[in-house]
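> Structure in structure tokens, see below.
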């Protein structure tokens, strides 16, 4: 029997990396994060497991071009999310080796903000994360980004929220036209104000996914495009 396991490769920007005394402290922090992501994924009731394959911690010296070249100096230094996700997707499309090749999803965790660039060279910080719709398993589209300002719950929510975009769900209240997968049911029947993770997140429902999100993810799982997340069950 097959098990559904979504494998993640995490890369961190220099601003996030330097918050930690050591690489092992950073890796422990990210590992704890995935316990939280698993708990949220469990609310889909689709038997989806998450697995962290590895972490690459970039420093100012080793940051790849997609990070360095797109940093808006500010102050504070920040990114335009659309520009960054596009550059990151292209970068990993052209660098399919090692964990980047083997993984189902690649996430950048950044300690810098994201938002809309203003004319004066600063950025209106308004975006916690961004990801490619239904991009799981597709080498050129399996990227996502989560900002981390060190509030544990917010961080886990963002990672789970962006993961589910990659697994084929739009925001609650959005139709199938916003999913990059033909035939998707979309989520127009679940209003954002119901407060789920893909909606406006109220106290009652902010730690679970809506019935529409479940249907969208279930639909993606039924398609050949999701083949990489099915694997033989471990004992």
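Glycine is treated like the rest: Cβ placed from N, Cα and C.
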> Name the residue, out of 95, 171, that Swiss-Prot lists for the same Zn(2+) site as 161, 165, please.
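For Zn(2+), Swiss-Prot names 161, 165; of 95, 171, the listed one is 171.
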> At a 10 A cut-off on CB-CB distances, which of the disulfide-bonded residues 137, 228 has the highest count?
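For the disulfide-bonded residues 137, 228, the Cβ with the most other Cβ atoms within 10 Å is 137.
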> Can you list, in sequence order, the residues of the same chain other than 161, 165, 171 whose CB lies within 8 Å of the CB centroid of the Zn(2+) site?
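Close Cβ neighbours, site residues excluded: 131, 162, 164, 169, 170, 197, 198.
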> Could you tally the C-beta atoms, other than its own, that fall within 10 angstroms of the C-beta of residue 165 (Zn(2+) binding site)?
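For residue 165 (Zn(2+) binding site), the count of other Cβ atoms within 10 Å is 25.
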